[in-house]
């Protein structure tokens, strides 16, 4: 059984990690241990590079806390131009897989508040009245009318980031 350290305690992210690992390695093939670690970037990262750095930092910090694990996984959400997206970073001590998620264009009313210094999650919670929406369906669920959720979009990115770990051509 793979010991997977999730560099987040966010249920939407943990669900995506668990589903993706079970899709690739089989049901019941892993145990997820969530840990809260620092990203080393602002609460609301801007741009692809800052967001990617946050995910990489979380993986490195989780690895320092739990060096005995088989995998360390981080999902860092950010804002790039007028959209939200995330970077997924997965490390197994030998190699690293990274993938960027799909992007969701955000309406100006939301972006204006984010550019004023507020994180997307609290802005969306205030907009929708849903407490801690970032730990649930997120802006993705709201603006796709539930057709996608934060977790479903992250799931795809985790699957992509896992590609180097089950395809020999990457080694």
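Cβ atoms here come from the backbone N, Cα and C positions, even for glycine.
Per Swiss-Prot, substrate binding site is recorded for 8, 9, 10, 11, 12, 13, and the stated evidence type is sequence analysis. According to Swiss-Prot, the Mg(2+) binding site annotation covers 38, 68.
Residue 68 (Mg(2+) binding site) is surrounded by 7 other CB atoms, counting those within 10 A of its CB over all protein chains shown. Annotation for residue 38 (Mg(2+) binding site): same-chain Cβ neighbours under 8 Å, separated by at least 6 residues, are 57, 58, 61. Same-chain residues at least 6 positions away in sequence with a Cβ under 8 Å from that of residue 13 (substrate binding site) are, in sequence order, 6, 75, 150, 151, 154.
Distance from the CA of residue 68 (Mg(2+) binding site) to the CA of residue 8 (substrate binding site) is 18 Å.
Non-local contacts of residue 11 (substrate binding site) by the CB criterion (under 8 A, 6+ apart in sequence, same chain) comprise 135, 136.
Long-range C-beta contacts of residue 9 (substrate binding site), restricted to its own chain and to partners at least six residues apart, with a cutoff below 8 Å, comprise 34, 35, 36. A gap of 25 Å separates the Cα atoms of residue 12 (substrate binding site) and residue 68 (Mg(2+) binding site).
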